[in-house]
């Protein structure tokens, strides 16, 4: 009988090498671009508030339309990536974001800016597909830590945006900032011709020869050889079907992950908004609520403001890098949510303004960012290739919903009660920690599944192994 091998076998034989370093940089660029387009929202608002004399609700709407665009488009880009290819989906969404990002720099009026930034948000909604593509080129042992390292590109992008604003805004203004912020997107678009399609997607689509050519190319770049034999082709199931996310073996995972993504974004953007609100509030011991300012009061961002942004952005760098491959994905997520809640608790007390408060908020942001990074590792690992991109897209949409809702808590509810606001974030994070613990599958040390049938087989294998262990008393897994 002739020898055969799977894509997993090939990637394990090839290992992590020159090719993976290249694709790490290229997919990382998409994260840099994503972070810059998101970070610009906190810089653009105060500037337009003063320059165009916008009331607060119109300033908030500039941010909201971006999140609405992202929420609508995330499942759409996921469906495109599952049906037509990860490379196709990622290239189109990045080109889309570049085009409308540049156009928004020339927006002549508020209405045009809203329209163009919503289209930018529609494009950014496809950025998580870079993780889908990236994960499908990685050997099992390197997958967790490599996807976590990609999160460092987000932090780099956020820091770069603040530094760019510090240099550009005083003399050139916000239009130049919007234009220059698209540079990473332009670099990605120029080099994306090098990007290959995922061999996992090609095999599942029945294009075995193309997948074999891609694997051969990777092996050559890494200086390794492929396993002997013939690459196994899988049955061509219909890909990107929404109902498959609720198959018997996935429905619980899907619902729990949607809540985790929602809570993560709700808490993440909440702590960002709370940072400036709490620092501007004065002494929390003297008041139980924060009085609103005049909505037309104008204040441009200063150098000190940009420095504060830089300090808080440093918390974005991966803090749970070693935990994901040591205690597992589920426990890492649960730990991050628990620590975030614990760091919120001291904010109830009368702590010092720019010392203790800064420390607790910094640590809280670091852990909630860590939770975000781990869920980006877990989600593409737990779902099969046939609907992995759709799972990422729908999960990302839940995150955008959380980001849309959180301003009503961090800015509106805060005017009524500081303590009630903190309680909402603390409770939501604790519930997300419980949801992480209840996830039915731990993906540490687990190969990526190609179809739902693989998951059923994996479950049957696990069940058989446990029965064997109970019978023989063996310690083997």
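Each Cβ is built from the backbone N, Cα and C atoms, and glycine gets one as well.
Remember, TrEMBL labels are computer predictions, not curated facts.
Copied over from TrEMBL:
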type	residues	note
DOMAIN	23-444	domain 'Major facilitator superfamily (MFS) profile'
REGION	452-477	region 'Disordered'
TRANSMEM	57-78	transmembrane segment
TRANSMEM	98-124	transmembrane segment
TRANSMEM	145-168	transmembrane segment
TRANSMEM	174-195	transmembrane segment
TRANSMEM	255-274	transmembrane segment
TRANSMEM	334-351	transmembrane segment
TRANSMEM	357-378	transmembrane segment
TRANSMEM	390-413	transmembrane segment
TRANSMEM	419-439	transmembrane segment
Cβ pairs under 8 Å between the transmembrane segment (357-378) and the transmembrane segment (145-168), at least three: yes
Spatial neighbours of the transmembrane segment (390-413) far in sequence, C-beta under 8 Å, 6+ residues away: 60, 63-64, 67-68, 70-72, 74-79, 81-82, 125-126, 128-129, 131-132, 240-242, 244-245, 254, 257-259, 261-270, 273-274, 277, 375, 379-380, 382-383, 420-421, 424-425
Distal contacts, the transmembrane segment (57-78) - CB-CB under 8 A, six or more residues away: 37-38, 41, 44-46, 48-49, 89, 93, 110, 113-114, 117-126, 128-129, 240, 242, 295, 389-394, 396-397, 400-401, 403-404, 407, 411
Outside the transmembrane segment (334-351), six or more residues from its ends: residues with CB under 8 Å to it: 263, 267, 271, 278, 283-285, 320, 323, 327, 357, 360-361, 363-364, 367-368, 370-371, 374, 419, 422, 425-426, 429-430, 432-434, 436-437
For the transmembrane segment (98-124), distant same-chain residues with Cβ under 8 A (at least six beyond the ends): 34, 37-38, 48, 52, 54, 58, 61-62, 65-70, 72-73, 175-176, 178-179, 181-182, 185-186, 189
Average model confidence [pLDDT] within the domain 'Major facilitator superfamily (MFS) profile' (23-444): 84
